[in-house]
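J.: Can you keep this structure in mind? I'll have questions shortly.
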Amino acid sequence: MTDIFGLLKGNPGEDDYENKGVIVQGITGSYGSLHAGKMLEYGTNIVAGVTPGKGDQTWNESVPIYNTMQEAVDATHAKISIIFVPAKFFLSAAKEALEAGIKLLVAIPEHVPIRDTMETLELANQKGAVVIGPNTPGIMIPELIKIGIMPPMPFKAGKIAVLSKSGTLLYEISDALTNAGFGQSITIGIGGDPINGTRLIDAFDMVKDIPDLEGMVVVGEIGGDSEEMLAQRIIDTGFSKPTVAYIAGRAAPKEKRMGHAGAIVMGNYGSAESKISMFNKANIPVAKRPAEVPVLLAGKMDKSD
Amino acid sequence: MQLLEFQAKELFREYGINLLESISSTNIEDGRKHAKELGYPFVIKIQVPVGGRGKAGGIQKCQNDDEFELKYPQVMDLTIKGEKARAILLEKMADIKKELYLSLFLNRSKRCYTIIASAEGGVEIESVKNQIIKEVGLGHVSDELAKEVAKEMGLEGTTAEQFVDTLKKLSKLTIEKEAELVEINPLAIMQDDTIMALDGKFVTDDNSNFRHPELQKYQEKTEIEEQAEKSGFSLVELDGDIAVVGNGAGLVMSTLDMLSDNGGKPACFLDVGGGATTESVYEALTLISKLDRVKGILVNLYGGIVKTTVVAEAFLKAYEDNLIDLPVFSRLKGTESDKAKEMLQGSRTKIFDSVEDAINAAVMGVKK
């Protein structure tokens, strides 16, 4: 499985350890520019921006802009890219990044056609690259690197991994965890789309063997079966670190899309009951409210002591 | 978006999938004309974007004028799973030998198109037995694969040939229109061994709409939903009396859950999104003011990138303009929430520190 920590911060001894370069695709757009600024503030090492036709300029008086991903990668050797382009242009931007050798692609755009996502994932698979998203808030190691649009204040460095389908619930629940003294080792927003580059089980595989991991929180929602697959994987791998889940959408009517493109229940497929019952099988308590998450986690920690 | 049966069948017809003769109408006068053209007996089928129509009485056999006059209005007046009839489809009666199931869909877990077929159709997908499941990848269904499916279903001779043909046409339709799901259930073998699609379901990938202007005519939204889309929100109308507003689909769903747990009934799901501005929140309040059943507004906002003061400003402006006179119960957390609370001091917006308190107050507030 992908060594996500290796990708995000590298390994001790490497000359850019804990300072991995990130390219921002669409850095001159208003959204891209806003968040590039916020990532820089957080300490993310933004080494290049890409906007076709704006090569040879400089963003924010410090970051060189290139016309193509190939030029940006050749110049910086960066392996990470974050995309802020309109959904219509996502497929070409993503292909360009993967062809240029990007190994971790964080796809922020919402409303990407599913077919375009699938084509991107097929190429990523051939190239051995990881795609987070689309429609993701991003991925971060708190207090070290943030590649995404999440606000900084809910997060604090620690030893809990948080995997989430929802952006705001990721913030809300991380905030509750932080206030209860549970910092986070990594948080991964997989996104609310029907098809995610990194599914919950992939995200789980990326984090389950972190040596100092003390627990995991899974924030799911109605739609699809990725929570069920994750619960099964947790059972199969015998993962025993304290884990707590939260599922949003119990009260949502069937056959209605609840905001997120992927949040829809068809029959029993994708229902909260189905997910909750699988988590129960895996001996993972499911919180009824976001505020209950740290309480349940603390309970699990006590038992595992 | 889920197309209605007759709309799905329009697409089936375009792709050469075998269908019975049928005509749709939205009023009984047109229906009468169609009845004459079609000739008895036929089936009257309600057109709603949800399943389970048969059980709810939305599909009725019709033998003569008397039955037509009785049943057409009956079916037209039905509400199924909260959905009113959009139209009525009159369809020739079928002489069925056997019912099959066939669908192609975007498999979320496997990330590719997948065929589900069964020699036992006519029931909802959950109860379809002996499902044959084949992953197709991103391309068209090949001749070999289609033949393999037909064989596994136990089809032979011309029936098998027609099935292969139907599956390939279905695959072409699915890929060209970027459908999330196309289902024929039942796919019937008639007494004369021809194969016919008796019902059709078609779910589009709304994100690919920009590449499919030809599907736009099927878009069906309430006026309020359409306005919401224009303003960049996601809004789902529900039948309760407390409007639920927040930022982020997950947080709004979570708020609906907690509200329902505490005995409240949500009137809508309104996600103002990650890029909320004073103008857009004001627009959201305008939409809510148009929903007659709403007795109170519950706001649950986590200000990350969005400043909570933006929301406070929108409320103050809405009060100033007399846009809303409903009680508002809100929990504002995150960026500049102290300032937002200060701004709303003394206004009709009651501020709570915990979402739980805001919900309880909202439930009590609308009961009064």
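In case you wondered, yes, glycine gets a Cβ from its N, Cα and C as well.
Keep in mind that TrEMBL annotations are predicted by a computer and have not been checked by a curator.
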J.: Which residue of A:Lys9, A:Lys20, A:Lys54 does TrEMBL report at the same CoA site as A:Thr28, A:Gly29, A:Ser30, A:Tyr31?
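T.: It is A:Lys54, as the record lists it for that site.
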J.: So which of these recorded positions, A:Gly29, A:Lys54, A:His260, get their C-beta under 8 angstroms from chain B?
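T.: Near chain B: A:His260.
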J.: Taking A:Thr28, A:Gly29, A:Ser30, A:Tyr31, A:Lys54 as the record's CoA-binding set, what's the max Cα pairwise distance in Å, rounded to a whole number?
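T.: Taking every pair of listed residues, the largest Cα separation comes to 16 Å.
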J.: Using the alpha carbons only, what distance in Å do you get between A:Ser30 (CoA binding site) and A:Tyr171 (substrate binding site) once rounded?
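T.: Taking the Cα atoms only, A:Ser30 (CoA binding site) lies 23 Å from A:Tyr171 (substrate binding site).
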J.: Who sits close to A:Thr28 (CoA binding site): which same-chain residues at least 6 apart have their Cβ under 8 Å from its Cβ?
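T.: Same-chain residues close to A:Thr28 (CoA binding site) (Cβ under 8 Å, separated by 6 or more) are A:Gly49, A:Thr51, A:Lys54, A:Trp59, A:Ile65.
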J.: Which one is it, among the recorded positions A:Gly29, A:Tyr31, A:His260, that lies nearest to A:Tyr171 (substrate binding site) by Cα separation?
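T.: Result: the closest of the recorded positions to A:Tyr171 (substrate binding site) is A:His260.
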J.: Among A:Tyr31, A:Tyr171, all listed as binding-site residues, which has the most CB atoms within 10 Å of its CB?
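T.: Going through A:Tyr31, A:Tyr171 one by one, the largest Cβ count within 10 Å is at A:Tyr171.
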J.: Cβ within 8 Å of the CoA site's Cβ centroid: which residues qualify beyond A:Thr28, A:Gly29, A:Ser30, A:Tyr31, A:Lys54?
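T.: Result: A:Gly26, A:Ile27, A:Gly32, A:Ser33, A:Thr51, A:Phe84.
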J.: Using other CB atoms within 10 angstroms as the count, which residue among the recorded positions A:Lys54, A:His260 scores least?
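T.: Per-residue Cβ counts within 10 Å for the recorded positions A:Lys54, A:His260 bottom out at A:Lys54.
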